[in-house]
Amino acid sequence: MPELPEVETVMRGLQPSMEGVVIARADVNRPDLRWPFPDRMTERLSGRRVLSMRRRSKYILADLDSGETLLVHLGMSGRMTVSGDPLGQFVHSHPQLEKHDHVVFHMDNGARVTFNDPRRFGAMDLLETAKADSHKLLAVLGPEPLGNDFHESHLVSAFKGRRTPVKSALLDQGIIAGLGNIYVCEALFRAGISPRREAGKISTSRVTSLVPIIRQVLQDAIAAGGSSLKDFRQANGELGYFQHTFDVYGREGEPCRRAGCTGTVTRITQSGRSSFYCGKCQR
């Protein structure tokens, strides 16, 4: 599933073609994805200008001049890609639509934005912009890890007395929004903390050290265009390449990359998900 860096990468890639631009026509090619599309979705999108775009957790939000906000979740295999030149040249150079191209946005600058989702775990909805943050999917989210509300005192407070493993705590979207399995594994490695350790038993100094480490891991991944393991593509169709720099994720049995450590990467299962870590240098 695309995590925060992948969704941020896609959103940034869509902005030049969509932000400030009118959706000339929206084509919806099936009745649903994870859940049914909103009523009259084509009518409510066509002719509307995208005022601004932003990301919240793993959701892309596009505010429209109608007072509604388009919410998009990529699910497990969803992609949003741009074809055509948004400056107006080669506006007919669009590839033929594919089987799983479920929603197509024809922008009035000549760009075409296509939502492709083979597994159909993605989702779209239209929300009232003024009340978007109180929507049931967004209201339960914790602070953004790249935002000002994510700070040391927040994490110390969230971990206090918590008996769950730190890996599970960091994946709790009510504590931090947008973190996923890959980047939690990578952040815990950089911090030297075992994913098995109870969150509430980690010293305050080690908890506070996690905040800048989490930020840096996410920033590094965004700079690399995200991680492409199976389905993920950037908005221009290119692969991300942060996966080539993973320290632990997907490296079971391989040597630890920490200087001076002679351990190997271990994989365990926690809450149904694989955790990768070095048992020698992560404590």
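Indices start at 1 and increase along the chain as displayed.
Note that Cβ sites are derived from N, Cα and C of the backbone, with glycine treated the same way.
The local packing around PRO2 (active site, schiff-base intermediate with DNA), expressed as other Cβ atoms within 10 Å of its Cβ over all shown chains, amounts to 27. Under DSSP, PRO2 (active site, schiff-base intermediate with DNA) is assigned to coil, being neither helix nor strand in the three-state scheme. Look at Swiss-Prot and you will find PRO2 tagged as active site, schiff-base intermediate with DNA.
Note on GLU3 (active site, proton donor): other Cβ atoms within 10 Å of its Cβ, all shown chains, come to 21. Residues annotated as active site, proton donor in Swiss-Prot, with sequence analysis given as evidence: GLU3 (among others).
Annotation comment: Swiss-Prot describes LYS58 (among others) as active site, proton donor. Under DSSP, LYS58 (active site, proton donor) is assigned to coil, being neither helix nor strand in the three-state scheme.
Annotated DNA binding site per Swiss-Prot: HIS100, ARG119, ARG162, in sequence order, evidence recorded as sequence analysis. The DSSP secondary structure for ARG162 (DNA binding site) is coil. Within its own chain, ARG162 (DNA binding site) has ALA169, GLU198, ALA199, GLY200 as residues 6 or more apart in sequence whose C-beta sits under 8 angstroms from its own.
Non-local neighbours of the zinc finger (247-283) in the same chain are 165, 167-168, 171, 181-182, 185-186, 188-190, 192-197, 229; each lies 6+ residues outside the stretch with a CB under 8 Å from one of its CB atoms. Here Swiss-Prot flags 247-283 as zinc finger.
According to DSSP, ARG273 (active site, proton donor) sits within a strand segment. Within the same chain, residues at least six positions away from ARG273 (active site, proton donor) with a Cβ under 8 Å of its Cβ are LEU171, ASN181. Annotation comment: Swiss-Prot describes ARG273 (among others) as active site, proton donor.
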Checklist entry - On the Cα atoms of HIS100, ARG119, ARG162, which are listed as binding DNA, what is the maximum pairwise distance in Å? => result 43
Item to check | Listed recorded positions (LYS58, HIS100), ranked by Cβ neighbours within 10 Å, top entry | outcome: LYS58
Checklist outcome for this item: If we take the Cα of PRO2 (active site, schiff-base intermediate with DNA) and draw a 10 Å sphere, the recorded positions of LYS58, HIS100, ARG119 inside it are LYS58
